[in-house]
Amino acid sequence: MCDASRFFNHHNFRLQGGSNVCSGQLEVEEDDGVWKPACQSQYKLNKSSDDLCSHMRCGKSHRQENMVCDSSKNISLDCTDKVNISLLKDDQSQNVNHCFGSVHFNHSGTLEAVCSTNWDEKDGRVVCRELGCGEVVLVGSGSKVQKDGKHDLVDCKDSEASLWHCLAMHHKNPTSCRKASVICSGSVKVRLSDGPGRCAGRVEIQHEGVWKSVRESNWKEENSKVICNQMICGDALANTDSFIQGTSQVLNNEVICTSNSKSISNCIKSTKKQPQQQDTNKMLICQEHAVVFLMGGCSGKVGIEQAGKTYWLSGSNATFDRQTAMVVCQQMDCGDATSFTFESTSGTTDLWKYSYSCLERKKSLFDCERSEHLSNHSIVSVVCSGSKTVRLKVDTKDKGECWGKVEVCLNGACGGVCEDAWTDKKSDMLCKDLDCGSAIYPLSFLRKSQSALDKITISSVHRTQQTTNISQCNMVKNVDQSYCKDKPAYVVCSGSVKARLMEHRERCSGNVQVFYQGNWSPVCKTALNNKDVQNTICREQGCGHGVKPLSFFGPSSANSGAVVSGLTCSANSKSSAECTVTVTKTNNQQCALGGLQCSEWRRMMLKLGSGTCEGYVFVYSEAESRAVSSDGWTETESKVLCKDLGCGAYIKHTAKEKADYHDLLWGKKYSCKGETNSIWDCELNDRPSLNQSIYLQCQDHLTASLGETGNCSGKVMLNNLPVCYDNWSESHSKIVCQEQQCSNSISFEEIDKGSRSDAHFVSCIGSESYLGQCKTTRGRCGRGLVSVSCAGGVKFNSTQKCGGNIKVFYRGTWESVCLQNMFSQEGRLLCKELVGCGTPQRLLPDQIEQSEEEKEGKIIPETSLKCSNENRNLQHCVIKKNECKAPGVIYCEGYSIKVPIPPIPINWYVGLSLGLLSLVMVVALCLFMRRRFVTRFKSRFSTRKVSAFESGDYEDVETNGSELFGPMEMRDLKSNGESIYIYIYIISTKHYIVYKFSA
């Protein structure tokens, strides 16, 4: 059904100026498209009020009368229906919005939806104009089909005063359709949020009733100009500050402004913007952005910075009062104003262009009444009651002040700062303010998240060109306390970085740890290879220069996770605080942890006594070893040393005159006072005056053992606890073997791999007499346990008396051994070791009788015999090394040689053969002569006649030892078809010859 109001006598009517579309002054559209009051037009009105209301779809008239023009009097109508346009947010009747939403007619209290078929921008302009909402921004269609559509196929000419007047199809009953929607410019606003002033901050656009941020990517400079002009903030400037990202939704529509755009509403397009990873919200600073600051933080001259230039606020008693001073102090978060003064200045000082008078409390000086009346040559100075401090807060008990979360305290109320707007420059300034060196960035994965007790009270901190201390900055309060709660600003200053050597037993040597971001982290050995790094760490410890990196000592499983994988120091670095630190997340397989030994390294040991925990106190250093003087040495120092050595409680100590074996004494004294971690905390630089040394006795004894008693090989034990394979070396094995009186060590090996039992880690310097004098600590091994074999437990044997396969009793069992040359020094020593066997001898294969063990198969030996030129003892020649593919053999002079059966001479064979041949010829002749016998024989086997034997074939056949023939023997005749064979065997010791005759 089409709009009847457009076809009433070919004229269009409308009611204007009333409370709704169906009330007001009657107007008619002239042929030229101009609307005029009905009585002032060329139209001759002579209709009833009901007819007019009905034709305009407004029901009936409240007054029944004919509408006749009287002179120039205007005619007003008030129809029974009431029609208004309504825009609904989210299609909900309770969310009526003035300038955006789905389009509905409120027809006498009933909402009738407008369908979106052929809905276009002209139709939207009519709606926006009718509602007084400015220009159309976007028109659209609903996302789903709904059943309350009453008006469809709307077609406006863009000149209508109301959508009700546009050509349309009006359904009597509701129908299903997608609803038409419109966004008018009156609903689109723009602001700069979370900044220190209204002309700087994060760009937010109010779109469809929601404040939404816009993304940085593809943002045009023209967009910034339009926003700054719309906000009366001048032109756009380059963004030199940072603001928080905020929690607002993101506007997905493209924003593209041109030079003709008057407001941001002209720039919003219907096309959607593709989201990009790592995209951030757009921040903007306009030219008119200005900030107030006090030179002293909460006191001092009042300054104003705008567009990178500093101005000073002028004032006098006529232009500046206490109320204005209160606004300045509160704007700076500095409490109330206690006093203000005016300071004279030279005429060249840049003064701010306005003075201000605040008649009531305002949030900002710029909200107060302003005037251009300036007090020349005087600057306002204010003293506030409050205070403003910035510090670094740590969650641990560590007392360090050079790392942690940024905390701002305003008048005693403290809270964190959001990391969104925190910058590296601010970190540098804060570290400098705290006398903590420079900031370290980028920060590692160790950054701390906020604890439940922390609050982020400051969203951003803003400095000016006059800012020399972070506390002078403008602080923007964090209104949304839930935002940024898990992202506090975190700063690590170089002053918090320090290194230490983790070893109480030794001085200036041990595992290296670096304190970084509140954690003591171990250091990868590769990070300690650089000489500058070594020297820096040693200098920091007061330990001279670096000597060499060390392997990590002790259990390292607890240190898995955060490690210092890189250190970069200069040649002049005095401490690790001046180095660049790299912390990574790794495990011990990827990073072998390390330690360091410095030039001032030294270790104490009890020597020349009975066992590990009794003897003279010696100091071993890089260059020498000397006894410690008894000068100043007391029971206190003795107790500390007994504890350091792992020797239990103190028994006694005595001072003894120097002996020949330690004529020079150590050049330092010791005095332990208060709490001490080790004897090295007690060391003094004073030279001793007494020429006596200390003999100390402690209660415990650290005793080493190897396997079963007397074996001189097996698992290494120290006070009944096994010893780890980690850090073990040949020098350690030598100490163990000599302690067990088992001569020198032969080899050591890893056993019980993956053992998680409690064990000792051991590190020796090579000067120890007992394993218990070495540096020890307990824990779970990184690798397996260690087993040692000493020369004193090695025994030799052979599979036969004085010969055969060589056997060595080694590692607690008899095993084969490799000997590449039996006539070598090793062979001679071996025959000597096999008692009564003389020296090696060379034998032919048929002189050797193999034993059953030798025949069983070849075993590839794991050990070899290899003596150095100095070795005179074969036990010291056993090495754990595979150098051949078969067990070694030796045959000494005492070996029992196999006697073979002598062979028959060859001439005897020749003579015997010729004799037998002659005998065969005689026999053959005799047989020939016995023709009758032969003929009779042939008749039995064959009808064929043969006149003579065929001779000359013979076989040389090897005898079977089980067959016994005489010297000559004739065997049975054998028949093969027509032939008769006679075999004659000539027997020798090893062979027989067969002559074959056929007849």
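If you go along the chain as it appears here, the first residue is 1 and each next one adds 1.
Cβ coordinates are placed from backbone N, Cα and C, and glycine is handled just like the others.
Remember, predicted model here, so these are calculated numbers, not experimental data.
Each of C867, C884 is a candidate, yet TrEMBL gives the disulfide link of C877 to C867. Reviewing C156, C177, the cysteine that TrEMBL connects to C166 via a disulfide bond turns out to be C156. For C831, the disulfide partner named by TrEMBL among C737, C742, C764, C892 is C892.
Note: C682 (disulfide bond) has non-local neighbours E637, V640, Y670, S671, C672, K673, T676, i.e. same-chain residues 6+ apart with C-beta under 8 A of its own C-beta. Spatially, the domain 'SRCR' (190-287) is not adjacent to the domain 'SRCR' (13-59); fewer than three Cβ-Cβ distances between them are under 8 Å for residues at least 6 apart in sequence. The CA atom of C579 (disulfide bond) is located 32 Å away from the CA atom of C764 (disulfide bond). With DSSP states grouped into helix (H, G, I), strand (E, B) and coil, the domain 'SRCR' (499-599) comes out at 20 helix, 49 strand, 32 coil.
Sequence-distant neighbours of C892 (disulfide bond) (same chain, 6+ residues apart, CB-CB distance under 8 A): C802, G803, L830, C831, L834, C837, G838, T839, P840, Q841. Nearest Cα neighbour of C867 (disulfide bond) among the listed disulfide-bonded residues (C166, C257, C358, C368): C257.
The stretches the domain 'SRCR' (85-185) and the domain 'SRCR' (13-59) are in mutual contact, each linked to the other by at least three Cβ pairs under 8 Å (pairs 6 or more apart in sequence).
Looking only at Cα atoms, C166 (disulfide bond) sits nearest to C368 among the disulfide-bonded residues C358, C368, C569, C764, C877. Between the listed disulfide-bonded residues, namely C166, C267, C764, C831, C867, the fewest other CB atoms within 10 angstroms of a CB are found at C867.
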